[in-house]
Amino acid sequence: MTDRYAVIGNPIGHSKSPLIHGAFAQATGQDIEYTAIEGPLDGFRATVEAFIAAGGRGMNVTIPFKLQAFEIATDPMESARLAGAVNALKFEDGRIYAQNFDGLGLVNDIQRNLGVSLAGKRVLICGAGGATRGAILPIAAQKPAVIAVANRTAAKAHGLKADFAAHAALQAGGYDELAGETFDVVLNATSTGLSKDELPLPAGVFAPGALAYDLVYGKGLTPFLKQAQAAGVTQLADGVGMLVEQAAEAFEWWRGVRPDTKPVIERFTIPLV
Ligand code: NDP
């Protein structure tokens, strides 16, 4: 019987996951079916249980179910426990294993695809939501000189610093506290990629040769990337590589085979103009 996988979210019509996993399956010769499920807002657990009963082997989880997926997991892995959110589930022997591959996908994209090593670098993450939570440990594992988290609501950044105190030394606060500091890698993990809002970043926050990376994808030149460009940054990226890399991690976790991400990233890249 063909093994079944799916991405669950609401809304889900825009999801590229079925195409990405379809491309991985074809390239690696894996016989799987991968569909998109629009989960009802008040019936996440029941929908997952019905999928498992129908032979489901794994799921990707997207907005707004990443926290509920954590709650139904019987075996959350460390990546999911620390992020408090889940983006991949595996169903095996009556257990629900849970992972959060977003941060690893981000780091793999920056280092392998963009060729920027994080070791010894000063890294700034703007935003203190789920994506930032998932990114901190994979970034810390690369031994950057500094990881700073800046957030509109400074208290949320402080809370995050406390939550991660045993695992990573973070600088955390509001954007005004960045005055006079420069960073080699500046990540936009806020949801402003979907709006017209710029971030209140002080002048000079981008070091010469910096990378500016917006985690959102498919939006072209976002307000944050425009802001970086206006400050003289030439190395700009959006989150399409992160999306494909986190999918590759899930695919390997489920199937034991590592797909080549490069052709899939190329297929989904939208020029940053
Ligand atoms: P959350 O909703 O958890 O967090 C949103 C963050 O954005 C908060 O820190 C919030 O600050 C901040 N924010 C919202 N509006 C503004 C504003 N106008 N000015 C300044 N800060 C603002 O979102 P996620 O962490 O889940 O996602 C963040 C981004 O990452 C999204 O764009 C998402 O698409 C992207 N993403 C990309 C992935 C990929 O595979 N490429 C995977 C996962 C996420 P405050 O606390 O003050 O409200």
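Cβ from N, Cα, C; glycine included.
What TrEMBL says about this protein:
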ACT_SITE  Lys66  active site, proton acceptor
BINDING   Ser15, Lys16, Ser17, Thr62, Asn87, Asp102, Tyr217, Gln246  shikimate binding site
BINDING   Glu78, Gly127, Ala128, Gly129, Gly130, Ala131, Asn151, Arg152, Thr153, Ala154, Ala155, Lys156, Leu215, Gly239  NADP(+) binding site
DOMAIN    7-88  domain 'Shikimate dehydrogenase substrate binding N-terminal'
DOMAIN    113-192  domain 'Quinate/shikimate 5-dehydrogenase/glutamyl-tRNA reductase'
DOMAIN    239-266  domain 'SDH C-terminal'
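Structure coloured by features recorded in TrEMBL.
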residue: Ser17; record: shikimate binding site; Cβ contacts under 8 Å, 6 or more apart: Val7, Tyr34, Ala36, Asn60, Thr62, Ala247
residue: Lys66; record: active site, proton acceptor; Cβ contacts under 8 Å, 6 or more apart: Ala85, Val86, Asn87, Asn100, Gly130
residue: Ala128; record: NADP(+) binding site; Cβ contacts under 8 Å, 6 or more apart: Val149, Asn151, Thr153, Lys156, Ala157, Gly159, Leu160, Ala172
residue: Ala155; record: NADP(+) binding site; Cβ contacts under 8 Å, 6 or more apart: none
residue: Leu215; record: NADP(+) binding site; Cβ contacts under 8 Å, 6 or more apart: Leu106, Ala131, Leu187, Asn188, Ala189, Gly193, Asp238, Gly239, Met242
residue: Tyr217; record: shikimate binding site; Cβ contacts under 8 Å, 6 or more apart: Asp238, Gly239, Val240, Met242, Leu243, Phe268, Ile270
residue: Gln246; record: shikimate binding site; Cβ contacts under 8 Å, 6 or more apart: Asn87, Ala88, Phe101, Asp102, Leu104, Gly105, Leu106
What counts of helix, strand and coil residues does DSSP assign across the domain 'SDH C-terminal' (239-266)?
-> 21 helix, 0 strand, 7 coil
Sorting the binding-site residues Asn87, Asp102, Ala128, Gly130, Leu215 by sequence and keeping only those with a Cβ under 6 Å from ligand 1 gives Asp102, Ala128, Gly130, Leu215
Students should find that the Cα atoms of Ser15 (shikimate binding site) and Glu78 (NADP(+) binding site) sit apart, in Å rounded to an integer, by 26
Looking only at Ser15, Glu78, Asp102, which of these binding-site residues has the biggest number of Cβ atoms within 10 Å around its Cβ?
-> Asp102
Lys16 (shikimate binding site) sits from Glu78 (NADP(+) binding site) (Cα to Cα, rounded, in Å) at a distance of 26
Using the centroid of the Cβ atoms of Ser15, Lys16, Ser17, Thr62, Asn87, Asp102, Tyr217, Gln246 as reference, list every other same-chain residue with Cβ within 8 Å of it (recorded shikimate site), in sequence order.
-> Val7, Asn60, Leu243, Ala247
DSSP-derived structure type at Ser17 (shikimate binding site), helix or strand or else coil = helix
DSSP residue counts for the domain 'Quinate/shikimate 5-dehydrogenase/glutamyl-tRNA reductase' (113-192), split into helix, strand and coil = 28 helix, 20 strand, 32 coil
Return the residue, from the listed binding-site residues Thr62, Asn151, with the maximum count of other C-beta atoms within 10 angstroms of its C-beta.
-> Asn151
Lowest local Cβ density (other Cβ within 10 Å) among binding-site residues: Lys16, Asn87, Gly130, Thr153 | Thr153
Pop the mean pLDDT for the domain 'Shikimate dehydrogenase substrate binding N-terminal' (7-88) in here, whole number is fine.
-> 96
